[in-house]
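> The structure under discussion is supplied below as structure tokens; questions concerning it will follow.
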Amino acid sequence: MTAAVLAGAPAAQALLGEARRRAAALPVRPHLHLIRVGQDPASLSYVRGKDRQAREAGLRSTVHALPEDVALPALLALLDHLSADPEAHGILVQLPLPPHLPPAAVQAATDPRKDVDGFHPLNVGRLWAGQPGLAPCTALGILALLRHYGQPLSGRSAVVVGRSPIVGRPVAGLLLAADATVTVAHLRTPDLGRVTRDADVLIVAAGQPHLITADMVRPGAAVVDVGIHRLTGPGGAPHLTGDVHPGVAQVAGALTPVPGGVGPMTVAQLLLNTVQAAEAQLGRSAA
Ligand code: NDP
């Protein structure tokens, strides 16, 4: 058996189409503000991609590029200003931040109604209380990907490997809200394979290349590989790979590729979150 490929591109296009349609129905264009600190090459590339895709989806987008040594009060002042600005609907601070800028302080300084990354403590609480709010983009993107391909969640056994606030925890909360029976595994979990073999739906966000091998997967399971790693092949050529060993494709019923699986969903979901935030601020929805 070879697993069905859960490609991100068609599912991301569906989300982008929805974002474009809902943005066009609003009296003003939703405006996303992207804040980047320093010159980290990955952050530069992520912010550039988010800015470009926001414009392509018919949103307004503004990038605030701050110097590496920006003081915490200056960053918090910018967040205060944007939080109070009725023309700013979504605010995202690109992570990681330099060590002198504590992410928790920065995340708590954004108006939760504009927190399109879903990291504000109020939005984290709402997610776990099963209340509407803004949830983290990669986690929402994973659920949207599974739904796009008709993967059932209600009543199924879902195992999440990883408990980071960015991926593992929020995806576990969303799976619970979708009526899955959820287990969260982490570094202290003994016999990881025993836990993962129980999964009908296995989400792997551990940041460890090829951690999950074929013997750790229940035959027919749906496997989502969130990990992304740049490895160097035998000839010195770089290639991207995930947390899931390629041999899992022989056992799983469905599997996301790396690259081209979860990756495209994250930005598409960010734009949908921005539209959702704008709708709520403009009184067009209950969220
Ligand atoms: P973190 O490093 O913040 O968290 C990793 C989690 O995995 C931790 O909870 C850790 O456990 C757990 N873990 C690590 N090793 C093992 C192991 N051997 N067995 C069981 N659990 C383990 O990573 P992130 O959540 O931020 O990211 C995970 C991966 O997803 C990375 O490769 C990242 O690049 C990728 N990513 C991809 C995105 C996309 O859009 N495609 C977006 C975000 C991330 P413990 O808590 O005990 O330390």
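Note that the numbers count up from 1, one per residue, in the order the chain is shown.
Keep in mind that glycine also has a Cβ here, set from the backbone N, Cα and C atoms.
Reproduced below are the annotations present in TrEMBL:
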type	residues	note
DOMAIN	7-117	domain 'Tetrahydrofolate dehydrogenase/cyclohydrolase catalytic'
DOMAIN	136-281	domain 'Tetrahydrofolate dehydrogenase/cyclohydrolase NAD(P)-binding'
BINDING	G162, R163, S164, I228	NADP(+) binding site
> Cβ distance under 8 Å to S164 (NADP(+) binding site), same chain, sequence separation 6 or more: which residues?
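Correct list: A205.
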> Measure the Cβ-based neighbour count of G162 (NADP(+) binding site), defined as the other Cβ atoms within 10 Å of its Cβ.
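24, counting other Cβ atoms within 10 Å of G162 (NADP(+) binding site).
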> Just to be sure I understand, if DSSP states are collapsed into helix, strand and coil, how many residues of the domain 'Tetrahydrofolate dehydrogenase/cyclohydrolase catalytic' (7-117) fall in each?
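In the domain 'Tetrahydrofolate dehydrogenase/cyclohydrolase catalytic' (7-117), the DSSP-based counts are 55 helix, 19 strand, 37 coil.
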> What is the total of other Cβ atoms whose distance to the Cβ of I228 (NADP(+) binding site) is within 10 Å?
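Result for I228 (NADP(+) binding site): 16 other Cβ atoms within 10 Å.
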> Using DSSP, how many residues in the domain 'Tetrahydrofolate dehydrogenase/cyclohydrolase NAD(P)-binding' (136-281) fall into helix, strand and coil?
54 helix, 30 strand, 62 coil
> Quick one: largest C-alpha distance among G162, R163, S164, I228, binding NADP(+) per the record, in angstrom?
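Those residues reach a largest Cα separation of 16 Å.
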> Starting from the Cβ of R163 (NADP(+) binding site), draw a 10 Å sphere and report how many other Cβ atoms land inside it.
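There are 18 of them.
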